[in-house]
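Under the heading compositional bias 'Basic residues', Swiss-Prot lists 1-18. According to Swiss-Prot, the feature N-linked glycosylation site maps to Asn156, Asn189, Asn321, Asn349, Asn525, an assignment based on sequence analysis. As annotated by Swiss-Prot, region 'Disordered' applies to 1-20, 204-230. Residues or ranges marked as topological domain 'Cytoplasmic' in Swiss-Prot (evidence: sequence analysis): 1-48, 101-115, 394-463, 575-706. Annotated transmembrane segment per Swiss-Prot: 49-69, 80-100, 116-136, 373-393, 464-484, 554-574, in sequence order, evidence recorded as sequence analysis. Swiss-Prot lists 646-685 with the feature zinc finger.
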Amino acid sequence: MDIKHHQNGTRGQRRKQPHTTVQRLLTWGLPVSCSWFLWRQPGEFPVTALLLGAGAGGLLAIGLFQLLVNPMNIYEEQKIMFLYSLVGLGAMGWGTSPHIRCASLLLVPKMLGKEGRLFVLGYALAAIYVGPVANLRHNLNNVIASLGCTVELQINNTRAAWRISTAPLRAMFKDLLSSKELLRAETRNISATFEDLDAQVNSETGYTPEDTMDSGETAQGREARQAPASRLHLSTQKMYELKTKLRCSYVVNQAILSCRRWFDRKHEQCMKHIWVPLLTHLLCLPMKFKFFCGIAKVMEVWCRNRIPVEGNFGQTYDSLNQSIRGLDGEFSANIDFKEEKQAGVLGLNTSWERVSTEVRDYVYRQEARLEWALGLLHVLLSCTFLLVLHASFSYMDSYNHDIRFDNIYISTYFCQIDDRRKKLGKRTLLPLRKAEEKTVIFPCKPTIQASEMSNVVRELLETLPILLLLVVLCGLDWALYSIFDTIRHHSFLQYSFRSSHKLEVKVGGDSMLARLLRKTIGALNTSSETVMESNNMPCLPQPVGLDARAYWRAAVPIGLLVCLCLLQAFGYRLRRVIAAFYFPKREKKRILFLYNDLLKKRAAFTKLRRAAILRRERQQKAPRHPLADILHRGCPLLRRWLCRRCVVCQAPETPESYVCRTLDCEAVYCWSCWDDMRQRCPVCTPREELSSSAFSDSNDDTAYAG
């Protein structure tokens, strides 16, 4: 069954018979000299290959530098060093090694694969951060600032209202303090006026202190017999009455004494003028009648009984004296405010300004971390090129060393081999059976084939989280913007504080006390009218909404990521084309191996497929959920997915499908698969009766290299 490859043609003949579609197209579209150069043998055109390869490699290195290194935040000297290094390595590699050229071109299909998606994923995350995330951060910071401004506005309004309400009281005290000197002058005048009365009350003129003590002791003795001992102290009233009585006694005594002196003086004068001895004593005898002076004692009794002192004089004097002494003190007034701060949670005592500052600092720190992470992401994106380059070299090495690696393509050379065998009358493979078509890939088909579909679906599912992240962030950004914009339009508040008062105290009269009261209580005569207007317009949030262009900028990388998932199958086909272009002999060996391997499997097709057929038949015979039967009967659109399938190729059952007639079998086959099974059901046919082969199921089958 093996086919041996004979290399017995000339170089010109090989050029006239291209084995690949790319070779056929380039031979048709390029001049003959270019075709000779592209499909030259090793050692041909060395100088031309070196110069053209070095130029192409240098240009490719410059392009990679502009794409990867230039956006990095590094010094210009380092960028220049990277540029020279990349250009030198690119020129040397492209000029001397076909492996370097192949690996470099493999970067294009690799960028369409999972490595390229990783690169685009970084840009998608950066676009999401610059778009919805940055706008969310801006709006949240704006709301935090709005809350702080609102609280500060409330505090300022409360403080202003308090100051306005207490302004009249503070103005009154200020007026009192400003009239302090005038009040002092008035009090000095009052004190000077009171000094005359005080001197008169405290004066000891008109009596002797000894008389006071004697009279006091006499009065105390007399009152001691009438009152308890605790009341022996004389009050101001009694002391003044006592002094008045003593003055009366003193005046009467002085009058009696003066009267007696007058009699003595007249007696002496009489004795001097009359010299007759007997006649002198007789005529001067009346001058000895001093006892007539005692008549003045009658006045003393009258004075004691009718003292000209009011009954409440002492109490009035004491009160007035105390008031006058109080006026001599310092006049001052102080306004003290006591502020009580209550501790917050767990005994903390933190002001709103500090909390707002801490929150703002926390937001700034998070922004700095995000900026640092974004810079690191840019560096990692540049470093992902190394992963892409490594994947390119890895594919090239696996292509050259593992003949089964990614060897599932039905190429032009495969068809040429089949045509040649058909002309020779040998067994051929084309057209492939349905079950075989699901294990290989036709590179020229513009659709995604069965071998590629599972990998594409898996990559699309891996893209789903980043897509959901974008949708959630955009939805959250739009929702928050709508909420904040509604708050801004419907939360306008106008603060209005009005205060007015009028206090008037009238003090009539022109006395000293009236003037004093007018200067003190008159300070209460104040009036004020205050209007304070304020609003919260400066504190309302000012959210920013993303426009359609911003949403597109965030969604385009995600869309590109989805497109890369769909283009991955075609990119993987392209990498095989590039490797076959640089290693045509290796490609021929791989195609020959694939053809021989499919021939062997075709010979043992029934036996190799028997295990899978039995498994699928058991799954079909298993009882289905009643809901599946209901949907199958009631929903025609779902019948294609709920109906039975061919146990070989898994095609949906049709009216033309063949159902095994063996009892308890009922395996479903499409007619082409039934013919491939040689019209014998592997389910109900013993294994020994099937076509024998030395080959069985193996894990060494060629597989799709994802």
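Glycine too: its Cβ is placed from the backbone N, Cα and C atoms.
Sequence-distant neighbours of Asn321 (N-linked glycosylation site) (same chain, 6+ residues apart, CB-CB distance under 8 A): Phe194, Asp198.
Note: the Cα of Asn189 (N-linked glycosylation site) and the Cα of Asn156 (N-linked glycosylation site) are spaced 48 Å from each other.
Through the fold, the transmembrane segment (116-136) approaches residues 110, 370, 374, 377-378, 380-381, 384-385, 387-388, 459, 463, 466, 469-470, 473-474, 476-477, 480-481, 544-546, 550-551, 553-554, 556-558, 560-561, 564-565, 568, 571 of its own chain, all at least 6 residues removed from its boundaries and within a Cβ separation under 8 Å. For Asn525 (N-linked glycosylation site), the Cβ neighbour count at a 10 Å cut-off comes to 15, with all displayed protein chains included. Neighbours of Asn156 (N-linked glycosylation site), defined as other CB atoms within 10 A of its CB across all chains, total 11. Following the DSSP three-state reduction, the secondary structure of Asn525 (N-linked glycosylation site) is coil. Just going by CB pairs under 8 A, the stretch in 49-69, 80-100, 464-484, 554-574 that sits most against the transmembrane segment (373-393) is 49-69.
A Cα-Cα distance of 29 Å separates Asn156 (N-linked glycosylation site) from Asn525 (N-linked glycosylation site). When pLDDT is averaged over the topological domain 'Cytoplasmic' (575-706), the result is 74. Cβ contacts within 10 Å of Asn189 (N-linked glycosylation site), excluding its own Cβ and spanning all protein chains shown: 13. Taking DSSP states H, G and I as helix and E and B as strand, the topological domain 'Cytoplasmic' (394-463) has 38 helix, 3 strand, 29 coil.
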